[in-house]
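Engineer: Sharing a structure, written as structure tokens. Questions coming.
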4 protein chains.
Amino acid sequence: MTAQGKLKVGVLGATGTVGQRFILQLSNHPEFELAVLGASASSAGRPYKEAVAGRWKQVHPIPDNVRDMPVTACEAENFKECTVVFSGLDSTPAGPIEAAFRAANLRVFSNAKNYRRDPLCPLVVPLVNPSHFDIIPHQQASMSPPLKQGYIITNANCSTTGVVVPLKALEDAFGPLDTVMVHTMQAISGSGYPGVSSMDILDNVVPYISGEEEKVEWETCKILGGLTDDKKAFDLHAASPLTVSAHCNRVPVIDGHLACISVRFAKQPAPSPEQVNEALRKYRCEAQELGCHSAPAQAITIHDEPDRPQPRLDREWQNGAGVNVGRVREDPVLDIKFISLVNNVMLGAATSSVLNAEIALKKGYLS
Amino acid sequence: MTAQGKLKVGVLGATGTVGQRFILQLSNHPEFELAVLGASASSAGRPYKEAVAGRWKQVHPIPDNVRDMPVTACEAENFKECTVVFSGLDSTPAGPIEAAFRAANLRVFSNAKNYRRDPLCPLVVPLVNPSHFDIIPHQQASMSPPLKQGYIITNANCSTTGVVVPLKALEDAFGPLDTVMVHTMQAISGSGYPGVSSMDILDNVVPYISGEEEKVEWETCKILGGLTDDKKAFDLHAASPLTVSAHCNRVPVIDGHLACISVRFAKQPAPSPEQVNEALRKYRCEAQELGCHSAPAQAITIHDEPDRPQPRLDREWQNGAGVNVGRVREDPVLDIKFISLVNNVMLGAATSSVLNAEIALKKGYLS
Amino acid sequence: MTAQGKLKVGVLGATGTVGQRFILQLSNHPEFELAVLGASASSAGRPYKEAVAGRWKQVHPIPDNVRDMPVTACEAENFKECTVVFSGLDSTPAGPIEAAFRAANLRVFSNAKNYRRDPLCPLVVPLVNPSHFDIIPHQQASMSPPLKQGYIITNANCSTTGVVVPLKALEDAFGPLDTVMVHTMQAISGSGYPGVSSMDILDNVVPYISGEEEKVEWETCKILGGLTDDKKAFDLHAASPLTVSAHCNRVPVIDGHLACISVRFAKQPAPSPEQVNEALRKYRCEAQELGCHSAPAQAITIHDEPDRPQPRLDREWQNGAGVNVGRVREDPVLDIKFISLVNNVMLGAATSSVLNAEIALKKGYLS
Amino acid sequence: MTAQGKLKVGVLGATGTVGQRFILQLSNHPEFELAVLGASASSAGRPYKEAVAGRWKQVHPIPDNVRDMPVTACEAENFKECTVVFSGLDSTPAGPIEAAFRAANLRVFSNAKNYRRDPLCPLVVPLVNPSHFDIIPHQQASMSPPLKQGYIITNANCSTTGVVVPLKALEDAFGPLDTVMVHTMQAISGSGYPGVSSMDILDNVVPYISGEEEKVEWETCKILGGLTDDKKAFDLHAASPLTVSAHCNRVPVIDGHLACISVRFAKQPAPSPEQVNEALRKYRCEAQELGCHSAPAQAITIHDEPDRPQPRLDREWQNGAGVNVGRVREDPVLDIKFISLVNNVMLGAATSSVLNAEIALKKGYLS
């Protein structure tokens with residue numbers, strides 16, 4: 001803990017796109033103090049501003065208190081004083097590094113995809129299922145040797161995040177969903193930097209994102225499902241089977257994933273559009289009840305104009321920490337259809353990890 | 001008929017976006033001779049190049065044989081020598097003008113929406129349902145006084161067009177469809193000029209196009225349905241009810257409407273993705289069999305790459321007269337899902353009207 | 001004055017693009033209280049949120065304290081309690097309305113172009129020439145009848161603004177300029193809403209903006225020139241003639257005008273790029289010295305990376321109140337060339353008007 | 001020579017962006033027969049369609065007669081039957097490979113930058129300076145051992161090309177130029193594939209292209225200058241020194257480089273804008289006089305509309321083989337200013353190489 005009573009935290013992959021977002025979120029956080037920046041071995045020992053030169057692509061400059069921080073290699077030894085380690089690593093290095101950090105009794109909050117499907121690792125969208133933290137003791141006990149502190153928490157794929165928040169609100173209000181059809185129009189920032197070639201996306205749509213549809217279809221069930229009673233496994237929405245179909249597309253938008261969603265409820269008759277709007281507007285999540293610093297005031301903002309939400313106009317609302325919904329109406333095939341917008345680089349990435357750590361703090365999982 | 005044996009044709013709304021496309025299609029046509037250009041009264045009497053000054057927004061220059069043609073008012077008297085009149089009018093003037101032209105015994109092939117839902121007017125996508133021309137005698141007989149020559153044929157909304165071509169191929173091969181879910185990502189040119197403000201669409205998606213979803217849902221049933229046995233009405237797919245749900249979005253693409261489509265077949269078990277690909281690839285339509293000039297060699301082009309078709313790369317293929325399909329795969333909710341691309345300013349607009357007229361010629365409806 | 005000791009201010013053209021920016025700037029200002037919102041007669045009497053419905057195109061929502069404010073007609077009587085009236089009017093209504101407001105002894109700070117070339121009206125870029133306020137007594141005395149309070153202050157065209165700030169810094173450091181060549185690449189927001197059609201600008205550059213080149217060429221001389229000794233006229237840089245040539249282009253960028261600038265100094269030998277960088281970095285303006293609320297901490301930010309400033313990454317820096325400069329280097333033809341970026345909707349528009357009013361307050365021109 | 005009397009030609013770098021353009025230009029050429037496709041060793045032996053899979057980014061499909069052609073390694077032995085070898089190689093491999101091909105007595109027409117500044121290699125824009133071919137005998141004689149057939153001809157950087165065509169027309173009509181200022185707005189395709197990241201260019205301008213300004217400034221003098229009397233050296237515009245200053249920018253445009261150009265003539269008084277327009281419109285080049293297949297009917301197309309040429313609307317005119325000019329007007333600083341547009345992937349790249357070879361054929365340099 002620092003002199004100001006803050007908890008020291010570190011960032012893995014600090015020079016990458018997600019790492020840059022972690023730095024902006026954490027450089028002036030009331031509870032966390034950015035203490036260690038990890039990057040590739042080639043950057044180690046250099047000041048951050050040099051390590052990231054030519055790759056800092058944020059609309060805010062590098063925070064003054066970070067510019068000259070030294071970058072270190074992603075080795076657990078260097079992060080031992082960190083209460084939390086945030087991982088913005090690419091998937092190739094993320095697997096072994098995050099495992100090694102956990103084995104060194106470090107708490108890893110990861111944006112990487114590697115452990116999302118792990119049967120011991122929570123996949124937590126902070127506005128939806130922090131209850132999954134309760135598997136942590138079992139995750140720790142299952143390691144060899146068993147761990148006292150270390151664990152891995154993942155957050156969801158950016159496009160899944162914008163889908164599950166309104167779905168959770170609907171399940172809370174109207175019981176389990178039976179069927180979900182999702183059609184995404186995803187921003188280029190979801191692919192990192194340099195990511196999508198301008199030759200591929202200017203005046204164009206790419207109707208394919210490798211592996212994305214499977215992620216949305218699978219992650220939705222893990223997130224919306226609960227834990228088994230013994231808190232040793234995820235039930236994957238088993239009690240009431242949920243079928244999800246996703247079409248994923250890349251569109252020429254900087255930030256903000258838009259999804260067209262159609263749902264059918266298990267319990268009939270289904271609610272009316274007015275009832276759905278009301279339920280979404282009233283939805284409150286545990287992160288709000290706990291008073292977490294990064295939680296949005298309004299989890300789901302309902303837009304009344306027929307052409308909203310739109311990525312460019314609505315993605316920055318509440319600092320990108322909430323979800324925007326509009327056009328709730330009847331679906332001729334399923335029951336209800338609507339539009340959902342999530343800021344993929346905020347709630348869809350770094351904000352989720354940070355908010356998960358804030359929740360973990362409030363719930364006693366950082367002590 | 002001209003000295004070269006061509007039929008004289010006219011264009012209504014010649015200075016507008018659709019009218020410009022008609023001019024490009026017709027300025028060098030083997031069967032039709034562009035003889036009369038109609039526009040608003042304020043343009044009447046001026047050479048075309050002046051009437052359209054500042055509004056010609058095509059990548060090809062005004063054809064040399066059109067630049068100095070005089071523009072005339074949209075009055076039937078001025079078009080009396082035209083075997084066919086193509087209408088690119090906006091919907092406000094289209095209603096009364098097209099009715100007046102029909103009453104003057106002129107044959108109107110219209111891209112406007114006004115008569116698409118008319119119980120006497122065919123709504124014809126030339127690659128799908130030219131059989132609907134057979135209602136023409138009844139349309140003529142129903143006028144007061146009955147007409148010998150005049151009639152109105154409409155073509156479909158641009159987004160509907162890209163949807164019904166593959167659906168028709170599927171129904172031909174596997175029997176009626178039961179359910180269709182469509183998500184469109186539509187080009188800005190679909191809204192004409194000036195149309196969509198750049199402030200609304202740059203770095204953005206607008207998840208709403210006024211009236212568009214209803215058009216796709218309704219027009220699909222009219223087009224895929226047949227005529228009643230007496231050829232006096234459209235059956236609207238009545239024998240085997242078809243439910244359609246559409247989400248329509250505007251994206252920053254110049255030309256080319258992309259649709260994500262999921263379908264369920266009435267007859268189970270449903271075909272496999274391989275069978276669907278085969279059926280789409282083999283699909284041939286009447287316009288092809290009749291040898292129509294503007295018909296594409298391949299009605300539906302199947303793309304094998306996982307990320308195709310794409311608007312920018314595939315919209316010009318076959319001069320935009322066919323439909324492009326890709327990513328045929330199983331749908332976890334319905335049976336099959338795939339991507340469809342139509343060039344909204346070609347097959348989705350002027351090409352459909354011109355091809356409808358070519359079919360009408362071959363089938364004897366212009367004599 | 002309000003209970004909180006703030007000065008009441010009004011906004012003309014409150015529902016337009018510039019008016020919306022004024023509202024965002026003024027809704028939480030330490031010295032000014034937004035008291036009256038003026039718009040067209042058709043909006044008068046309605047709450048602001050309704051009057052602006054469908055046209056509010058900001059990334060921030062309408063401020064809570066403005067949503068329900070009533071809109072009133074742009075008549076001086078309605079604004080009589082306002083110490084300052086900001087005008088975001090279009091040029092057509094701006095001429096007579098602003099004159100009428102001045103005649104009613106109101107102080108008008110206008111973003112409209114109408115009085116920029118007026119020989120009695122200051123054209124003030126707040127980071128450059130607030131000394132021109134000294135013509136106000138002469139402007140008031142020249143009215144019939146002479147005015148005690150009323151006057152009109154204009155701010156510059158958005159593209160001129162980004163040019164004159166660094167030029168002023170250079171003249172302060174190295175004496176008069178002799179020649180300036182400017183090439184602009186201007187954002188679409190400079191044209192308001194709906195403004196530029198997406199069909200004109202997507203995948204395109206429009207190498208022409210009506211009247212813009214003349215504005216840059218003329219306004220630069222008025223702004224960089226001083227007042228005559230009797231403070232009754234603008235000298236238009238007469239003592240040392242300055243020749244300006246501008247090429248103006250519209251590019252597909254939302255906000256942020258970029259200019260490539262080449263200059264020749266009257267005094268030779270010219271300074272080196274290093275000296276120019278130093279002079280630009282050190283430049284401080286009167287708005288800073290006076291401690292104005294909206295003044296940027298750094299008037300001109302120098303970027304060291306070779307590819308900066310860029311509109312998307314740098315336009316929000318300092319809330320868009322400063323100018324960004326990069327790539328200072330020798331010019332083979334003139335002396336020095338560099339890049340300048342201004343946020344056209346902030347310093348290039350509403351921020352200039354507000355900052356001018358803040359300066360006027362500090363200098364005693366609001367009492 | 002083939003059975004049809006065509007000359008066999010090869011393409012180096014056939015799977016790259018420029019190579020793909022060569023293939024489209026040559027797959028149906030009346031004089032040249034595409035016989036050998038060279039690419040990296042890893043592609044050698046595979047059919048072209050497989051070697052280029054995932055990288056073919058043209059709006060036309062791979063030509064049918066090329067899809068199954070085998071790709072071979074870029075070794076001179078494999079190209080020995082080729083009368084001409086076109087090089088679309090990247091600069092890293094281009095240096096040694098092109099030298100080796102020349103040494104093997106092959107004629108190389110290269111789009112790479114490596115030999116543009118070579119004192120023995122012509123830098124030929126086909127609409128401007130095919131007279132530079134006359135240095136070929138000296139280039140061949142200077143090799144060790146001297147060559148009978150082999151030589152290297154380069155074409156210019158894409159942005160230089162659009163500049164020198166109108167400048168050449170002006171020098172032909174009004175004598176040498178003294179000063180040229182150029183400001184480019186260059187398309188993303190100029191950077192190849194994947195090239196510019198979409199994160200860098202969407203809603204943005206990048207005011208820097210590495211090395212580009214130097215190329216425009218230097219190449220212009222080599223191209224506009226003549227050969228020395230002995231035809232053994234380039235005079236680089238020495239008789240009448242020409243100073244060029246360039247600002248180069250990347251804009252979000254797919255194809256088409258736009259340049260704002262200001263010029264001063266050595267001979268005063270300078271011509272009027274009308275005289276300049278007339279001279280540009282009348283300009284004819286040797287490629288036209290020789291009747292070359294790929295030469296444009298009109299070398300320079302003058303646009304009368306004040307906002308043209310524009311990249312999206314005018315780049316395809318004459319298949320991108322000519323230059324488009326507009327807005328010719330007086331310049332307050334130099335004499336005349338105007339806008340120039342070149343299709344960077346056509347005349348600015350592959351079309352130049354092909355047209356250079358066509359000229360060489362007509363002038364006897366291929367025998």
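Cβ coordinates are placed from backbone N, Cα and C, and glycine is handled just like the others.
Feature table excerpt (TrEMBL):
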- C:CYS158: active site, acyl-thioester intermediate (ACT_SITE)
- C:HIS257: active site, proton acceptor (ACT_SITE)
- C:8-136: domain 'Semialdehyde dehydrogenase NAD-binding' (DOMAIN)
Engineer: Inside 10 Å of the Cβ of the residue listed as 'active site, acyl-thioester intermediate', count up the other Cβ atoms and send me the figure.
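Structural biologist: So the number of other Cβ atoms within 10 Å of the residue listed as 'active site, acyl-thioester intermediate' is 26.
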Engineer: Across the whole of the domain 'Semialdehyde dehydrogenase NAD-binding' (C:8-136), what does the mean pLDDT come to? Round it, please.
Structural biologist: 96
Engineer: Let's check the environment of C:HIS257 (active site, proton acceptor): how many other CB atoms sit within 10 Å of its CB?
Structural biologist: 31
Engineer: When DSSP states are grouped into helix, strand and coil, how many residues of the domain 'Semialdehyde dehydrogenase NAD-binding' (C:8-136) land in each?
Structural biologist: 42 helix, 27 strand, 60 coil
Engineer: How far is it from the residue listed as 'active site, acyl-thioester intermediate' to C:HIS257 (active site, proton acceptor), counting Cα to Cα, in Å?
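Structural biologist: Cα to Cα, the residue listed as 'active site, acyl-thioester intermediate' and C:HIS257 (active site, proton acceptor) are separated by 8 Å.
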Engineer: Could you say whether, by DSSP, the residue listed as 'active site, proton acceptor' belongs to a helix, a strand or a coil region?
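Structural biologist: Looking at the DSSP assignment, the residue listed as 'active site, proton acceptor' belongs to a strand.
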